[in-house]
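Asker: Okay, handing you the structure first.
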Amino acid sequence: MFELFTKNRFPNYFYNQFIQLFTLLILAILLGYKKYSPIVIWISILILFFYSYFIHRLFHNIPECLNSINVHIMFHHNVEENKTKFINAVEWLIELFVNIMFFVLFYFIQTFLRIDFVPEIIIFYFGFIYVTIHVINYSLFNISQKHVIHHTSYNKNTKLYNYGPDFVDHLFATNSSAEFENYDHLIPNGLISFLITYYLYNPKIF
């Protein structure tokens, strides 16, 4: 789990992900620091990173007999070739819905358990980043080769890798490569999420 922090691998992580993720954390703190401790915001972001990893992994470990009702596998992981544009559009919309529901579910779990630790504004901010990265950066533009491998391989064992986020895959040894995904592409998603979250929630920043 802690190979990420070895001297041989940390420089690669620092260059490809640390600065980018730190930028997203600073934006999150700006959104909530007047109301929440920066430490709470930092822990909340970590919780959401691990939640998004494990909820995705859960969908891949549902028994095969239930795949007919597992929309993530049935549609998002449908590797059939020569699909029409209409079918692709429908699958994209289903993927969008499923990813949004990941974070709606998180919100309602907190509400049901009467746990108000992760602020709603941070759930929205992180969820917007995650959803747009997944459905735009990955699914529309195939920016991440690791995500392509996660979807296109016909080897069932390969699909046990690259759940994302990438650094969590490295922590739990579910990465298909020792290289860290370059996260430069998620900065625009983070900035847009920051602006939309600020517009909708209107937090005090200054």
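Glycine too: its Cβ is placed from the backbone N, Cα and C atoms.
All TrEMBL annotations are machine predictions without curation.
I grabbed these lines from TrEMBL:
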type	residues	note
TRANSMEM	12-33	transmembrane segment
TRANSMEM	39-59	transmembrane segment
DOMAIN	44-174	domain 'Fatty acid hydroxylase'
TRANSMEM	92-109	transmembrane segment
TRANSMEM	121-141	transmembrane segment
Asker: Looking at the domain 'Fatty acid hydroxylase' (44-174) alone, can you tell me the average pLDDT?
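Answerer: Computed over the domain 'Fatty acid hydroxylase' (44-174), the mean pLDDT is 82 on the 0 to 100 scale.
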Asker: Given a Cβ distance threshold of under 8 angstroms, which distant residues of the chain, six or more beyond its ends, lie next to the transmembrane segment (121-141)?
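Answerer: Residues 24, 27-28, 31-32, 36, 41, 44-45, 48-49, 52, 92, 95-96, 99-100, 102-103, 106-107, 147, 164, 185-186, 189-190, 192-194, 196-197, 200-201, 203.
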